[in-house]
Amino acid sequence: MSESGGGTVATARQRQLVERALGEWQGEVAGRVIVVTGGARGIGRSLCEGLLRAGAKVVAADLTWDDADDFRKQLESDGSGMAVDMDITDDDALDAARDAVIDRFGTVDVLVNNASLVSETLFPPTGHRNTLDTTDRDWEVMFGVNVFGTLKAIRRFIEPMRAQQRGSIVNVVSSGVLAVAAGGGYHGLRPWTVEMPYQATKAAVMALTFYLAEEVRGDGVAVNAIMPGHTRASWFDATARAFNEQGIAYFMRPAIPEHLLPISLFLAAQDSAGASGRLYYVPEWNYDHGYGDYAAWQDHELPPDMEEIYSRLEAATPSYERAGVAHLPFDAQGALYAAGMANLGAQNSWTSNDSAQ
């Protein structure tokens, strides 16, 4: 699909959906103090920008701001925004960040645990590693950030929520933790990716979500988890290009980060009297609530070399009809099928793929 054929229209539709979400939830989140970890770039930055537009007081917390100085300046020039340096594995840094937020805004209403270490940053972006090929150190590093770091952040920022008997925590996890629900299909169609120990950390955070939600329900705090699905996060472009060099299309055309905004606004407005202890798959939630299916949020303004990758994949993928509108498969199973079939076509067989690596 070329930009001239669908990019402009898709972008206009996406903007319309974003505006609708802002209009629907602005009254609920305006004035609320929302902390977003990993807020300097990618999904986190997108959420911060959207939440600011909704009238929230937004704290973007991140370990590094080296390539995001423009956003930091934007936040610091906005009376409703704040940028903080915060390593979620460092107790002192977390304490200092919490104190700075309280000094500035007086409280915390919402915590979005978006920061995490992904496989693509712990390991080379291509090449296969089985679970038994990983080391204890790999697991310690990944769990240190994704599980213990998340828990450390919750311990600090839930304090003002419990004190005011109202708040919301949103944990970002991964749809890959539900691979068993697809009969192992997730791994079967992505044997060239490294899923462990990353998926194990996200499974741990999912379990944490369910138990913590019940434990703090009496304190007025909602705790939920969201699975974004295939999204153009900050690491995505480099990974897709690395796979393309080996003749593999990396999964499917990603969604823009803004597709997380509608559900994030919804959850930011919750407390324990509303939705809590739940796990949401973002593309399905969007569709169920009138915010379009996955295809409506796919990114059609990728760099030219990446457009070539995904146009090639889409040319080999059958479309289907939903509500009378032709789309590419949008759900998890459809995405896996599309990626698997396209890569089989490119590689001829998994055997030849293995021998190439």
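Numbering starts at 1 and runs along the chain as it is shown here.
Just so it is clear, glycine is given a Cβ too, placed from its N, Cα and C backbone atoms.
Residues or ranges marked as NADP(+) binding site by Swiss-Prot: 36-67, Asp87, Lys202. In the three-state DSSP scheme, Asp66 (NADP(+) binding site) is classed as coil. Contacts of Asp66 (NADP(+) binding site) defined by a Cβ separation under 8 A and a same-chain sequence distance of 6+ are given as none.
Feature annotation from Swiss-Prot assigns active site, proton acceptor to Tyr198; the stated evidence is similarity to another entry. Sequence-distant contacts of Tyr198 (active site, proton acceptor), defined by Cβ-Cβ distance under 8 angstroms and a gap of at least six in the same chain, are Leu117, Val118, Ser119, Leu122, Met142, Asn146, Ser174, Gly176.
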Three-class DSSP secondary structure - Arg41 (NADP(+) binding site): coil
Long-range Cβ environment of Leu51 (NADP(+) binding site), under 8 Å and at least 6 residues apart: Val29, Ile34, Val36, Val58, Leu261, Ser264, Leu265, Ala268
Which same-chain residues, if any, lie at least 6 apart from Ala61 (NADP(+) binding site) yet have Cβ under 8 Å of it: Val35, Val36, Thr37, Gly38, Gly39, Ala83, Val84, Asp85, Met86, Ala97, Ala115
